[in-house]
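Novice: This is the feature table in TrEMBL:
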type	residues	note
DOMAIN	B:28-478	domain 'Amidase'
ACT_SITE	B:K85	active site, charge relay system
ACT_SITE	B:S160	active site, charge relay system
ACT_SITE	B:S184	active site, acyl-ester intermediate
Amino acid sequence: MATFTREEIEHLGDLARIALTDGEIERLRGELNVIAESITKVQEVAGDDVPPTANPIPLEAYLRPDEVQTPLTQAEALAGAPETEAGMFVAPQILGEE
Amino acid sequence: MSSTEELVKLSASQMAAQIHAKEISSRELVEAELEVIDAAEPSIDAFLQVSREQALEQADALDKRIASGDTEDLPELAGVPVAVKDMIVTKGIATTAASKILEGWIPPYDATVVEKLKAAGMPILGKTNLDEFAQGSSTEHSAFKSTKNPWDTGRVPGGSGGGSASAVGAFEVPLALGTDTGGSIRQPSALTGTVGVKPTYGGVSRYGAIAMASSLDQVGPVSRSVLDAALLQEVIGGYDQRDSTSIPKPVPPLAQAAREGAKMDLTGMKVGLVKELSGDGYQPGVEARFNEGVQLLQDMGAEVVEVSCPHFSYALAAYYIIMPSEVSSNLARYDGMRYGLRVMPPEGTAQTAANMMSATREAGFGDEVKRRIILGIYALSAGYYDAWYGSAQKVRTLIIRDFEEAFKKADVLISPASPTTAFKFGERMNDPLAMYLSDVATIPANMAGSPAMSIPAGLSDDGLPVGFQFFAPQMRDEVMYKPAAALEAALEAKWGGPIHRDLKTPWLGNK
(Lines of atoms letter the chains of each structure in order from A and count residues from 1; the text may use other names and numbers.)
(Lines give C-alpha, C1' and ligand atoms only; values in the text may rest on other atoms or scores of the structure.)
Protein backbone atom coordinates (compact mmCIF):
# COMPACT_ATOMS: atom_id res chain seq x y z
CA MET A 1 0.00 0.00 0.00
CA ALA A 2 1.28 3.44 -0.91
CA THR A 3 1.94 5.89 1.89
CA PHE A 4 2.87 9.47 1.28
CA THR A 5 5.67 11.02 3.31
CA ARG A 6 6.15 14.72 3.78
CA GLU A 7 9.24 14.59 1.56
CA GLU A 8 7.27 12.87 -1.20
CA ILE A 9 4.55 15.49 -1.17
CA GLU A 10 7.20 18.22 -1.34
CA HIS A 11 8.81 16.44 -4.28
CA LEU A 12 5.46 16.02 -6.05
CA GLY A 13 4.79 19.73 -5.47
CA ASP A 14 8.11 20.51 -7.16
CA LEU A 15 7.25 18.27 -10.10
CA ALA A 16 3.81 19.90 -10.35
CA ARG A 17 5.36 23.37 -10.15
CA ILE A 18 3.15 24.26 -7.19
CA ALA A 19 4.87 26.00 -4.26
CA LEU A 20 2.93 24.19 -1.51
CA THR A 21 2.82 25.73 1.95
CA ASP A 22 3.70 23.69 5.06
CA GLY A 23 0.05 23.54 6.02
CA GLU A 24 -0.93 22.27 2.58
CA ILE A 25 1.76 19.60 2.64
CA GLU A 26 0.50 18.23 5.96
CA ARG A 27 -3.14 18.31 4.90
CA LEU A 28 -2.44 16.71 1.51
CA ARG A 29 -0.43 13.99 3.19
CA GLY A 30 -3.36 12.88 5.30
CA GLU A 31 -5.88 13.11 2.48
CA LEU A 32 -3.75 11.40 -0.14
CA ASN A 33 -2.95 8.51 2.20
CA VAL A 34 -6.67 7.88 2.67
CA ILE A 35 -7.31 8.09 -1.08
CA ALA A 36 -4.31 5.87 -1.90
CA GLU A 37 -5.57 3.22 0.50
CA SER A 38 -8.88 3.06 -1.33
CA ILE A 39 -7.24 3.05 -4.72
CA THR A 40 -5.02 0.02 -4.12
CA LYS A 41 -8.13 -2.13 -4.55
CA VAL A 42 -7.98 -1.73 -8.34
CA GLN A 43 -4.88 -3.91 -8.38
CA GLU A 44 -6.98 -6.80 -7.05
CA VAL A 45 -8.82 -7.25 -10.35
CA ALA A 46 -6.30 -5.95 -12.88
CA GLY A 47 -4.82 -9.28 -13.94
CA ASP A 48 -2.15 -9.89 -16.56
CA ASP A 49 -4.77 -11.30 -18.93
CA VAL A 50 -6.71 -8.01 -19.10
CA PRO A 51 -5.59 -5.53 -21.77
CA PRO A 52 -5.64 -1.85 -20.74
CA THR A 53 -8.04 0.61 -22.44
CA ALA A 54 -6.79 4.17 -22.77
CA ASN A 55 -9.82 5.58 -24.55
CA PRO A 56 -13.42 4.35 -24.45
CA ILE A 57 -13.99 4.76 -28.18
CA PRO A 58 -11.60 3.19 -30.69
CA LEU A 59 -9.73 6.10 -32.20
CA GLU A 60 -8.93 6.20 -35.87
CA ALA A 61 -6.81 8.76 -37.64
CA TYR A 62 -9.30 10.80 -39.64
CA LEU A 63 -7.62 13.24 -41.97
CA ARG A 64 -9.35 16.55 -42.44
CA PRO A 65 -9.50 18.10 -45.92
CA ASP A 66 -6.34 20.03 -46.69
CA GLU A 67 -7.94 23.45 -46.85
CA VAL A 68 -6.49 26.86 -46.07
CA GLN A 69 -8.02 28.30 -42.88
CA THR A 70 -7.62 31.63 -41.13
CA PRO A 71 -5.96 31.15 -37.74
CA LEU A 72 -6.08 33.59 -34.82
CA THR A 73 -4.33 36.84 -35.59
CA GLN A 74 -1.15 37.67 -33.70
CA ALA A 75 -3.06 40.28 -31.71
CA GLU A 76 -5.77 37.75 -30.78
CA ALA A 77 -3.20 35.16 -29.71
CA LEU A 78 -1.47 37.73 -27.49
CA ALA A 79 -4.67 39.27 -26.11
CA GLY A 80 -4.84 37.14 -22.95
CA ALA A 81 -1.13 37.24 -22.11
CA PRO A 82 0.02 38.60 -18.74
CA GLU A 83 2.81 40.56 -20.45
CA THR A 84 3.73 41.24 -24.08
CA GLU A 85 6.29 43.30 -25.93
CA ALA A 86 6.86 43.96 -29.61
CA GLY A 87 4.31 41.34 -30.62
CA MET A 88 5.77 38.62 -28.40
CA PHE A 89 5.02 36.97 -25.04
CA VAL A 90 7.30 38.20 -22.28
CA ALA A 91 8.44 35.42 -19.96
CA PRO A 92 10.82 35.54 -17.00
CA GLN A 93 14.35 34.33 -17.64
CA ILE A 94 14.81 30.60 -17.82
CA LEU A 95 18.58 30.53 -17.25
CA GLY A 96 20.70 31.51 -14.29
CA GLU A 97 18.59 30.04 -11.50
CA GLU A 98 21.31 27.69 -10.30
CA MET B 1 -49.63 34.31 -12.09
CA SER B 2 -47.63 36.97 -13.86
CA SER B 3 -46.90 36.66 -17.54
CA THR B 4 -43.19 36.47 -16.76
CA GLU B 5 -43.82 33.51 -14.49
CA GLU B 6 -46.00 31.80 -17.09
CA LEU B 7 -43.40 32.36 -19.77
CA VAL B 8 -40.34 31.11 -17.90
CA LYS B 9 -42.15 28.03 -16.63
CA LEU B 10 -42.76 26.79 -20.15
CA SER B 11 -40.53 24.03 -21.46
CA ALA B 12 -37.99 24.98 -24.15
CA SER B 13 -40.02 23.17 -26.81
CA GLN B 14 -43.15 25.11 -25.77
CA MET B 15 -41.20 28.37 -25.91
CA ALA B 16 -39.92 27.44 -29.36
CA ALA B 17 -43.42 26.62 -30.58
CA GLN B 18 -44.68 30.04 -29.44
CA ILE B 19 -41.79 31.78 -31.18
CA HIS B 20 -42.47 29.86 -34.39
CA ALA B 21 -46.15 30.79 -34.12
CA LYS B 22 -45.12 34.45 -33.56
CA GLU B 23 -47.03 34.50 -30.25
CA ILE B 24 -43.92 35.71 -28.43
CA SER B 25 -40.61 37.15 -29.54
CA SER B 26 -37.19 35.92 -28.55
CA ARG B 27 -36.54 39.34 -26.97
CA GLU B 28 -39.61 38.99 -24.72
CA LEU B 29 -38.36 35.61 -23.62
CA VAL B 30 -34.81 36.81 -22.95
CA GLU B 31 -36.12 39.82 -21.03
CA ALA B 32 -38.36 37.57 -18.91
CA GLU B 33 -35.45 35.27 -18.08
CA LEU B 34 -33.20 38.25 -17.26
CA GLU B 35 -35.90 39.47 -14.89
CA VAL B 36 -35.91 36.10 -13.14
CA ILE B 37 -32.09 36.05 -13.03
CA ASP B 38 -32.10 39.47 -11.35
CA ALA B 39 -34.59 38.24 -8.76
CA ALA B 40 -33.16 34.76 -8.21
CA GLU B 41 -29.39 35.31 -8.24
CA PRO B 42 -29.15 36.76 -4.71
CA SER B 43 -30.58 33.42 -3.49
CA ILE B 44 -29.21 30.97 -6.07
CA ASP B 45 -25.80 32.27 -7.31
CA ALA B 46 -25.92 30.10 -10.42
CA PHE B 47 -24.21 32.55 -12.78
CA LEU B 48 -20.62 33.76 -12.85
CA GLN B 49 -21.51 36.19 -15.60
CA VAL B 50 -24.74 37.27 -17.27
CA SER B 51 -24.21 38.34 -20.88
CA ARG B 52 -27.24 40.60 -21.00
CA GLU B 53 -26.41 42.77 -24.00
CA GLN B 54 -25.13 39.95 -26.20
CA ALA B 55 -28.22 37.84 -25.43
CA LEU B 56 -30.55 40.68 -26.37
CA GLU B 57 -28.61 41.32 -29.58
CA GLN B 58 -28.86 37.64 -30.51
CA ALA B 59 -32.60 37.65 -29.72
CA ASP B 60 -33.16 40.75 -31.83
CA ALA B 61 -31.30 39.22 -34.76
CA LEU B 62 -33.54 36.17 -34.60
CA ASP B 63 -36.72 38.25 -34.24
CA LYS B 64 -35.66 40.29 -37.27
CA ARG B 65 -35.19 37.11 -39.28
CA ILE B 66 -38.67 35.87 -38.32
CA ALA B 67 -40.23 39.25 -39.09
CA SER B 68 -38.64 39.17 -42.55
CA GLY B 69 -40.37 35.88 -43.25
CA ASP B 70 -37.09 33.94 -43.52
CA THR B 71 -38.36 30.99 -41.51
CA GLU B 72 -38.12 28.06 -43.91
CA ASP B 73 -35.04 26.47 -42.28
CA LEU B 74 -35.58 27.96 -38.84
CA PRO B 75 -33.96 25.61 -36.30
CA GLU B 76 -36.49 24.16 -33.86
CA LEU B 77 -35.00 25.85 -30.77
CA ALA B 78 -34.36 29.20 -32.48
CA GLY B 79 -34.94 32.10 -30.10
CA VAL B 80 -34.83 29.98 -26.93
CA PRO B 81 -32.13 31.20 -24.52
CA VAL B 82 -29.45 28.95 -23.11
CA ALA B 83 -26.74 29.21 -20.43
CA VAL B 84 -23.26 27.75 -20.81
CA LYS B 85 -21.14 26.20 -18.07
CA ASP B 86 -18.05 28.34 -17.56
CA MET B 87 -15.90 25.35 -18.54
CA ILE B 88 -16.76 26.01 -22.20
CA VAL B 89 -15.11 28.89 -24.03
CA THR B 90 -17.17 31.76 -25.41
CA LYS B 91 -15.67 34.35 -27.71
CA GLY B 92 -15.77 37.79 -26.13
CA ILE B 93 -17.34 36.53 -22.87
CA ALA B 94 -15.00 35.89 -19.93
CA THR B 95 -14.38 32.19 -19.28
CA THR B 96 -12.81 31.22 -15.95
CA ALA B 97 -13.52 27.52 -15.24
CA ALA B 98 -14.35 29.01 -11.80
CA SER B 99 -10.61 29.34 -11.16
CA LYS B 100 -8.55 32.34 -10.11
CA ILE B 101 -5.92 31.22 -12.60
CA LEU B 102 -8.24 32.18 -15.49
CA GLU B 103 -10.02 35.09 -13.83
CA GLY B 104 -10.84 37.74 -16.43
CA TRP B 105 -9.63 35.70 -19.43
CA ILE B 106 -11.63 36.46 -22.55
CA PRO B 107 -11.31 33.69 -25.13
CA PRO B 108 -10.57 34.72 -28.73
CA TYR B 109 -12.71 31.89 -30.11
CA ASP B 110 -15.94 29.95 -29.55
CA ALA B 111 -16.19 26.27 -28.65
CA THR B 112 -17.83 24.25 -31.42
CA VAL B 113 -20.93 23.73 -29.26
CA VAL B 114 -21.20 27.51 -28.76
CA GLU B 115 -20.87 28.10 -32.51
CA LYS B 116 -23.71 25.62 -32.96
CA LEU B 117 -25.92 27.39 -30.39
CA LYS B 118 -25.35 30.66 -32.21
CA ALA B 119 -26.04 29.08 -35.61
CA ALA B 120 -29.29 27.71 -34.19
CA GLY B 121 -30.34 31.24 -33.16
CA MET B 122 -30.19 30.54 -29.42
CA PRO B 123 -29.27 33.59 -27.31
CA ILE B 124 -26.56 32.87 -24.72
CA LEU B 125 -27.65 34.28 -21.37
CA GLY B 126 -24.39 33.81 -19.52
CA LYS B 127 -21.84 31.55 -17.94
CA THR B 128 -22.73 29.26 -15.06
CA ASN B 129 -20.80 28.41 -11.92
CA LEU B 130 -18.98 25.14 -11.33
CA ASP B 131 -16.44 23.45 -9.13
CA GLU B 132 -13.03 24.79 -10.18
CA PHE B 133 -11.99 23.13 -13.46
CA ALA B 134 -15.04 20.88 -13.03
CA GLN B 135 -13.40 19.15 -10.07
CA GLY B 136 -15.95 18.46 -7.36
CA SER B 137 -19.41 17.13 -6.62
CA SER B 138 -21.03 20.09 -4.88
CA THR B 139 -20.03 23.40 -6.58
CA GLU B 140 -18.42 24.38 -3.26
CA HIS B 141 -14.98 24.23 -4.91
CA SER B 142 -15.64 27.27 -7.13
CA ALA B 143 -13.06 30.00 -6.51
CA PHE B 144 -15.83 32.61 -6.64
CA LYS B 145 -19.03 31.47 -4.93
CA SER B 146 -21.13 28.45 -4.01
CA THR B 147 -24.31 27.88 -6.00
CA LYS B 148 -27.41 27.02 -3.96
CA ASN B 149 -29.96 24.30 -4.60
CA PRO B 150 -33.32 25.88 -5.54
CA TRP B 151 -35.15 23.17 -3.55
CA ASP B 152 -33.31 24.18 -0.36
CA THR B 153 -30.81 27.02 -0.46
CA GLY B 154 -29.02 25.55 2.57
CA ARG B 155 -27.99 22.61 0.43
CA VAL B 156 -25.58 22.07 -2.47
CA PRO B 157 -26.85 21.71 -6.03
CA GLY B 158 -24.34 18.91 -6.70
CA GLY B 159 -21.36 19.32 -8.94
CA SER B 160 -19.46 20.16 -10.84
CA GLY B 161 -22.27 21.59 -12.97
CA GLY B 162 -24.30 22.98 -10.07
CA GLY B 163 -24.57 26.36 -11.77
CA SER B 164 -26.16 24.97 -14.93
CA ALA B 165 -28.47 22.65 -12.99
CA SER B 166 -29.65 25.31 -10.53
CA ALA B 167 -30.12 27.92 -13.25
CA VAL B 168 -32.41 25.55 -15.14
CA GLY B 169 -34.12 24.28 -11.98
CA ALA B 170 -34.81 27.81 -10.73
CA PHE B 171 -36.35 28.92 -14.07
CA GLU B 172 -33.50 31.36 -14.75
CA VAL B 173 -33.03 29.68 -18.11
CA PRO B 174 -34.81 26.78 -19.84
CA LEU B 175 -31.67 25.08 -21.13
CA ALA B 176 -27.98 24.91 -20.28
CA LEU B 177 -24.82 23.14 -21.33
CA GLY B 178 -22.68 21.19 -18.90
CA THR B 179 -19.64 18.95 -19.02
CA ASP B 180 -19.66 15.46 -17.52
CA THR B 181 -16.36 13.78 -16.58
CA GLY B 182 -17.59 11.53 -13.79
CA GLY B 183 -21.20 12.64 -13.49
CA SER B 184 -20.95 16.43 -13.49
CA ILE B 185 -24.13 16.85 -15.54
CA ARG B 186 -26.20 13.94 -14.18
CA GLN B 187 -25.42 14.18 -10.44
CA PRO B 188 -26.37 17.90 -10.14
CA SER B 189 -29.42 17.22 -12.31
CA ALA B 190 -30.45 14.47 -9.89
CA LEU B 191 -29.99 16.83 -6.92
CA THR B 192 -31.92 19.71 -8.50
CA GLY B 193 -34.81 17.84 -10.15
CA THR B 194 -33.66 18.56 -13.70
CA VAL B 195 -32.84 16.40 -16.73
CA GLY B 196 -29.13 15.94 -17.44
CA VAL B 197 -27.55 13.97 -20.25
CA LYS B 198 -24.03 12.71 -20.87
CA PRO B 199 -23.96 11.81 -24.57
CA THR B 200 -21.78 9.05 -26.01
CA TYR B 201 -18.11 10.02 -25.71
CA GLY B 202 -17.25 11.55 -29.07
CA GLY B 203 -20.88 12.29 -29.95
CA VAL B 204 -20.58 15.99 -29.09
CA SER B 205 -17.44 17.99 -29.93
CA ARG B 206 -15.11 18.85 -27.06
CA TYR B 207 -13.30 21.53 -29.09
CA GLY B 208 -13.33 24.58 -26.83
CA ALA B 209 -14.44 22.65 -23.75
CA ILE B 210 -11.61 23.27 -21.29
CA ALA B 211 -9.88 19.92 -20.85
CA MET B 212 -10.04 18.29 -17.44
CA ALA B 213 -9.67 14.54 -18.10
CA SER B 214 -9.72 14.16 -21.86
CA SER B 215 -10.68 10.49 -22.13
CA LEU B 216 -13.71 11.06 -19.86
CA ASP B 217 -15.00 14.63 -20.48
CA GLN B 218 -18.19 15.06 -22.49
CA VAL B 219 -20.36 18.12 -23.17
CA GLY B 220 -24.11 17.60 -22.76
CA PRO B 221 -27.50 19.23 -22.16
CA VAL B 222 -29.36 20.22 -18.98
CA SER B 223 -33.10 20.90 -19.22
CA ARG B 224 -36.43 20.52 -17.42
CA SER B 225 -37.81 17.88 -19.82
CA VAL B 226 -36.52 14.87 -21.73
CA LEU B 227 -37.69 16.26 -25.07
CA ASP B 228 -35.86 19.54 -24.41
CA ALA B 229 -32.64 17.64 -23.70
CA ALA B 230 -33.08 15.69 -26.94
CA LEU B 231 -33.61 18.86 -28.95
CA LEU B 232 -30.55 20.53 -27.42
CA GLN B 233 -28.36 17.47 -27.94
CA GLU B 234 -29.40 17.44 -31.59
CA VAL B 235 -28.26 21.07 -31.86
CA ILE B 236 -24.82 20.52 -30.31
CA GLY B 237 -24.08 16.97 -31.51
CA GLY B 238 -22.32 15.67 -34.58
CA TYR B 239 -18.87 15.25 -36.07
CA ASP B 240 -16.26 17.97 -35.68
CA GLN B 241 -12.96 17.69 -37.50
CA ARG B 242 -11.34 19.94 -34.89
CA ASP B 243 -11.83 17.26 -32.20
CA SER B 244 -9.73 14.17 -32.90
CA THR B 245 -12.02 12.07 -30.68
CA SER B 246 -15.19 13.14 -32.49
CA ILE B 247 -17.13 10.26 -34.06
CA PRO B 248 -17.76 10.78 -37.80
CA LYS B 249 -21.41 9.79 -37.66
CA PRO B 250 -24.63 11.80 -37.70
CA VAL B 251 -26.59 12.55 -34.52
CA PRO B 252 -29.18 9.82 -33.88
CA PRO B 253 -32.91 10.78 -33.96
CA LEU B 254 -33.17 11.79 -30.31
CA ALA B 255 -36.25 14.04 -30.35
CA GLN B 256 -38.11 11.45 -32.37
CA ALA B 257 -37.27 8.83 -29.71
CA ALA B 258 -38.42 11.18 -26.94
CA ARG B 259 -41.70 11.88 -28.72
CA GLU B 260 -42.18 8.16 -29.25
CA GLY B 261 -41.56 7.56 -25.54
CA ALA B 262 -44.16 10.13 -24.52
CA LYS B 263 -46.80 7.72 -25.88
CA MET B 264 -46.04 5.60 -22.80
CA ASP B 265 -45.83 2.26 -24.57
CA LEU B 266 -42.69 0.27 -23.81
CA THR B 267 -43.95 -3.09 -25.03
CA GLY B 268 -41.05 -5.27 -26.12
CA MET B 269 -38.37 -3.22 -24.36
CA LYS B 270 -36.00 -4.97 -21.99
CA VAL B 271 -34.72 -2.89 -19.08
CA GLY B 272 -31.73 -4.07 -17.05
CA LEU B 273 -31.62 -3.13 -13.38
CA VAL B 274 -27.96 -2.91 -12.35
CA LYS B 275 -27.58 -4.97 -9.18
CA GLU B 276 -24.35 -3.29 -8.05
CA LEU B 277 -25.83 0.24 -8.11
CA SER B 278 -28.17 -0.07 -5.15
CA GLY B 279 -28.20 -1.26 -1.55
CA ASP B 280 -25.52 -0.09 0.90
CA GLY B 281 -24.87 3.63 0.69
CA TYR B 282 -28.10 4.41 -1.15
CA GLN B 283 -30.54 6.53 0.84
CA PRO B 284 -33.83 4.68 1.53
CA GLY B 285 -35.89 7.53 0.05
CA VAL B 286 -33.79 7.40 -3.12
CA GLU B 287 -34.34 3.65 -3.47
CA ALA B 288 -38.07 4.01 -2.82
CA ARG B 289 -38.54 6.57 -5.62
CA PHE B 290 -36.31 4.49 -7.90
CA ASN B 291 -38.35 1.34 -7.26
CA GLU B 292 -41.59 3.20 -8.00
CA GLY B 293 -40.08 4.27 -11.32
CA VAL B 294 -39.16 0.67 -12.11
CA GLN B 295 -42.76 -0.36 -11.45
CA LEU B 296 -44.03 2.34 -13.81
CA LEU B 297 -41.70 1.10 -16.57
CA GLN B 298 -43.17 -2.37 -16.08
CA ASP B 299 -46.70 -0.98 -16.12
CA MET B 300 -45.94 0.50 -19.56
CA GLY B 301 -44.96 -2.92 -20.90
CA ALA B 302 -41.21 -3.04 -20.30
CA GLU B 303 -39.70 -6.28 -19.11
CA VAL B 304 -37.34 -5.57 -16.19
CA VAL B 305 -34.47 -7.99 -15.63
CA GLU B 306 -31.67 -7.81 -13.08
CA VAL B 307 -28.19 -7.55 -14.56
CA SER B 308 -24.86 -7.82 -12.82
CA CYS B 309 -21.91 -5.55 -13.62
CA PRO B 310 -19.38 -6.94 -11.15
CA HIS B 311 -16.58 -4.50 -11.94
CA PHE B 312 -18.67 -1.37 -11.35
CA SER B 313 -17.60 -1.59 -7.72
CA TYR B 314 -14.03 -0.85 -8.85
CA ALA B 315 -15.03 2.02 -11.13
CA LEU B 316 -14.74 4.79 -8.53
CA ALA B 317 -11.23 3.78 -7.46
CA ALA B 318 -10.03 3.37 -11.06
CA TYR B 319 -11.59 6.72 -11.95
CA TYR B 320 -9.64 8.38 -9.15
CA ILE B 321 -6.41 7.21 -10.80
CA ILE B 322 -7.22 7.95 -14.44
CA MET B 323 -8.94 11.30 -13.88
CA PRO B 324 -6.20 12.99 -11.79
CA SER B 325 -3.53 11.59 -14.11
CA GLU B 326 -5.17 13.35 -17.03
CA VAL B 327 -5.84 16.43 -14.88
CA SER B 328 -2.16 16.75 -13.99
CA SER B 329 -1.28 16.63 -17.67
CA ASN B 330 -4.04 18.93 -18.92
CA LEU B 331 -3.55 21.58 -16.24
CA ALA B 332 0.16 21.85 -16.98
CA ARG B 333 -0.79 24.49 -19.54
CA TYR B 334 -1.63 27.00 -16.77
CA ASP B 335 1.92 28.23 -16.40
CA GLY B 336 1.49 32.01 -16.33
CA MET B 337 3.22 32.43 -19.69
CA ARG B 338 0.65 32.99 -22.43
CA TYR B 339 -2.68 33.64 -20.73
CA GLY B 340 -4.33 33.78 -17.35
CA LEU B 341 -2.80 34.70 -14.00
CA ARG B 342 0.89 35.45 -13.50
CA VAL B 343 2.29 35.77 -9.99
CA MET B 344 5.96 36.65 -9.61
CA PRO B 345 7.86 34.95 -6.77
CA PRO B 346 8.41 36.88 -3.53
CA GLU B 347 11.38 39.19 -3.19
CA GLY B 348 14.59 37.40 -2.39
CA THR B 349 13.65 34.53 -4.70
CA ALA B 350 15.08 34.14 -8.19
CA GLN B 351 12.71 35.68 -10.72
CA THR B 352 12.90 32.73 -13.07
CA ALA B 353 10.29 31.06 -15.24
CA ALA B 354 10.21 27.99 -12.98
CA ASN B 355 9.74 30.03 -9.80
CA MET B 356 7.09 32.17 -11.47
CA MET B 357 5.18 29.02 -12.48
CA SER B 358 5.28 27.65 -8.94
CA ALA B 359 4.12 30.92 -7.43
CA THR B 360 1.38 31.32 -10.06
CA ARG B 361 0.02 27.80 -9.67
CA GLU B 362 0.15 27.98 -5.86
CA ALA B 363 -1.90 31.19 -5.89
CA GLY B 364 -4.16 30.30 -8.81
CA PHE B 365 -5.35 26.78 -8.02
CA GLY B 366 -7.69 25.82 -5.19
CA ASP B 367 -7.28 22.94 -2.74
CA GLU B 368 -9.17 20.28 -4.70
CA VAL B 369 -7.31 21.03 -7.93
CA LYS B 370 -3.95 20.85 -6.15
CA ARG B 371 -4.96 17.56 -4.52
CA ARG B 372 -5.81 16.02 -7.88
CA ILE B 373 -2.70 17.32 -9.66
CA ILE B 374 -0.45 15.91 -6.93
CA LEU B 375 -2.29 12.57 -7.00
CA GLY B 376 -2.06 12.44 -10.79
CA ILE B 377 1.63 13.23 -10.89
CA TYR B 378 2.21 10.44 -8.39
CA ALA B 379 0.13 7.94 -10.41
CA LEU B 380 2.08 8.72 -13.55
CA SER B 381 5.52 8.72 -11.95
CA ALA B 382 8.23 6.15 -12.65
CA GLY B 383 7.78 3.05 -10.53
CA TYR B 384 4.05 3.57 -10.00
CA TYR B 385 2.81 3.99 -13.56
CA ASP B 386 2.07 0.31 -14.19
CA ALA B 387 0.78 -0.46 -10.70
CA TRP B 388 -1.61 2.48 -10.62
CA TYR B 389 -2.36 3.93 -14.03
CA GLY B 390 -1.93 0.62 -15.89
CA SER B 391 -4.21 -1.21 -13.43
CA ALA B 392 -6.86 1.47 -13.69
CA GLN B 393 -6.85 1.21 -17.50
CA LYS B 394 -7.41 -2.54 -17.12
CA VAL B 395 -10.40 -1.90 -14.86
CA ARG B 396 -11.73 0.33 -17.61
CA THR B 397 -11.59 -2.65 -19.98
CA LEU B 398 -13.50 -4.76 -17.44
CA ILE B 399 -16.20 -2.09 -17.06
CA ILE B 400 -16.63 -1.87 -20.84
CA ARG B 401 -17.02 -5.66 -20.90
CA ASP B 402 -19.61 -5.48 -18.10
CA PHE B 403 -21.64 -3.04 -20.17
CA GLU B 404 -21.32 -5.25 -23.27
CA GLU B 405 -22.56 -8.30 -21.36
CA ALA B 406 -25.41 -6.36 -19.75
CA PHE B 407 -26.54 -4.97 -23.11
CA LYS B 408 -26.84 -8.53 -24.41
CA LYS B 409 -29.60 -9.01 -21.83
CA ALA B 410 -31.27 -5.58 -21.93
CA ASP B 411 -31.85 -2.63 -24.28
CA VAL B 412 -31.20 -0.04 -21.58
CA LEU B 413 -29.82 -0.20 -18.04
CA ILE B 414 -31.17 1.69 -15.03
CA SER B 415 -30.05 2.80 -11.57
CA PRO B 416 -30.47 5.74 -9.22
CA ALA B 417 -28.34 8.65 -10.51
CA SER B 418 -27.05 9.69 -7.08
CA PRO B 419 -26.95 7.60 -3.91
CA THR B 420 -28.32 10.48 -1.84
CA THR B 421 -30.33 13.64 -2.22
CA ALA B 422 -28.70 17.08 -1.91
CA PHE B 423 -26.45 17.42 1.13
CA LYS B 424 -25.83 20.48 3.28
CA PHE B 425 -23.04 22.95 2.57
CA GLY B 426 -19.78 21.92 4.21
CA GLU B 427 -21.00 18.42 5.02
CA ARG B 428 -18.47 16.62 2.79
CA MET B 429 -15.88 19.37 2.24
CA ASN B 430 -13.29 17.93 4.62
CA ASP B 431 -13.82 14.33 3.58
CA PRO B 432 -12.67 13.81 -0.03
CA LEU B 433 -13.72 10.16 -0.08
CA ALA B 434 -17.28 10.96 1.01
CA MET B 435 -17.43 13.66 -1.67
CA TYR B 436 -16.08 11.28 -4.32
CA LEU B 437 -18.77 8.71 -3.42
CA SER B 438 -21.39 11.20 -4.67
CA ASP B 439 -20.49 10.08 -8.21
CA VAL B 440 -20.42 6.33 -7.60
CA ALA B 441 -23.46 5.65 -9.83
CA THR B 442 -22.50 7.96 -12.67
CA ILE B 443 -18.78 7.13 -13.16
CA PRO B 444 -19.19 3.74 -14.96
CA ALA B 445 -20.72 5.48 -18.01
CA ASN B 446 -17.72 7.84 -18.31
CA MET B 447 -15.26 4.96 -17.98
CA ALA B 448 -17.03 3.11 -20.81
CA GLY B 449 -17.86 6.11 -23.00
CA SER B 450 -21.55 5.15 -22.86
CA PRO B 451 -24.40 7.65 -22.93
CA ALA B 452 -26.44 8.09 -19.76
CA MET B 453 -29.02 10.47 -18.38
CA SER B 454 -30.76 11.44 -15.17
CA ILE B 455 -34.40 12.43 -14.98
CA PRO B 456 -36.41 13.44 -11.88
CA ALA B 457 -37.99 10.44 -10.13
CA GLY B 458 -39.84 12.41 -7.45
CA LEU B 459 -39.05 13.73 -4.01
CA SER B 460 -37.45 11.69 -1.25
CA ASP B 461 -38.78 11.65 2.32
CA ASP B 462 -36.68 14.78 2.96
CA GLY B 463 -38.60 16.68 0.26
CA LEU B 464 -35.59 16.76 -2.08
CA PRO B 465 -35.38 15.50 -5.69
CA VAL B 466 -34.21 12.01 -6.62
CA GLY B 467 -32.61 11.19 -9.98
CA PHE B 468 -33.43 8.12 -12.09
CA GLN B 469 -30.59 7.09 -14.42
CA PHE B 470 -30.75 5.39 -17.82
CA PHE B 471 -27.71 3.98 -19.64
CA ALA B 472 -27.65 3.10 -23.36
CA PRO B 473 -25.03 1.39 -25.53
CA GLN B 474 -22.31 3.53 -27.11
CA MET B 475 -23.51 5.59 -30.07
CA ARG B 476 -27.12 4.55 -29.40
CA ASP B 477 -28.18 7.59 -27.35
CA GLU B 478 -31.70 7.49 -28.80
CA VAL B 479 -32.34 4.17 -27.06
CA MET B 480 -32.38 5.79 -23.60
CA TYR B 481 -34.48 8.77 -24.66
CA LYS B 482 -37.55 6.63 -25.32
CA PRO B 483 -37.96 5.00 -21.87
CA ALA B 484 -36.83 8.22 -20.16
CA ALA B 485 -39.59 10.19 -21.90
CA ALA B 486 -42.09 7.42 -21.12
CA LEU B 487 -41.19 7.43 -17.42
CA GLU B 488 -41.34 11.22 -17.34
CA ALA B 489 -44.83 11.13 -18.87
CA ALA B 490 -46.01 8.45 -16.43
CA LEU B 491 -44.64 10.34 -13.43
CA GLU B 492 -46.13 13.64 -14.56
CA ALA B 493 -49.49 11.94 -15.02
CA LYS B 494 -49.20 10.68 -11.44
CA TRP B 495 -48.08 14.04 -10.03
CA GLY B 496 -50.48 16.12 -12.11
CA GLY B 497 -47.61 18.01 -13.79
CA PRO B 498 -43.82 18.30 -13.89
CA ILE B 499 -41.86 17.94 -10.65
CA HIS B 500 -41.16 21.71 -10.70
CA ARG B 501 -44.76 22.44 -9.80
CA ASP B 502 -43.79 21.48 -6.22
CA LEU B 503 -40.82 23.88 -6.16
CA LYS B 504 -41.34 26.98 -4.05
CA THR B 505 -39.97 29.95 -5.98
CA PRO B 506 -40.01 33.02 -3.73
CA TRP B 507 -37.84 34.81 -6.31
CA LEU B 508 -40.81 34.56 -8.68
CA GLY B 509 -43.83 34.64 -6.38
CA ASN B 510 -42.78 37.40 -4.00
CA LYS B 511 -41.96 39.99 -6.59
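Placed from the backbone N, Cα and C atoms, the Cβ positions cover glycine too.
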Novice: Would you mind reading off the Cα separation of B:S184 (active site, acyl-ester intermediate) from B:S160 (active site, charge relay system), to the nearest angstrom?
Specialist: 5
Novice: Measuring Cα to Cα, how many Å separate B:K85 (active site, charge relay system) from B:S160 (active site, charge relay system)?
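Specialist: Cα-Cα, rounded: 10 Å.
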Novice: Among the active-site residues listed here (B:K85, B:S160, B:S184), identify the one with the smallest other-Cβ count within 10 Å.
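Specialist: So among B:K85, B:S160, B:S184, the active-site residues given, the one with the fewest Cβ atoms within 10 Å is B:K85.
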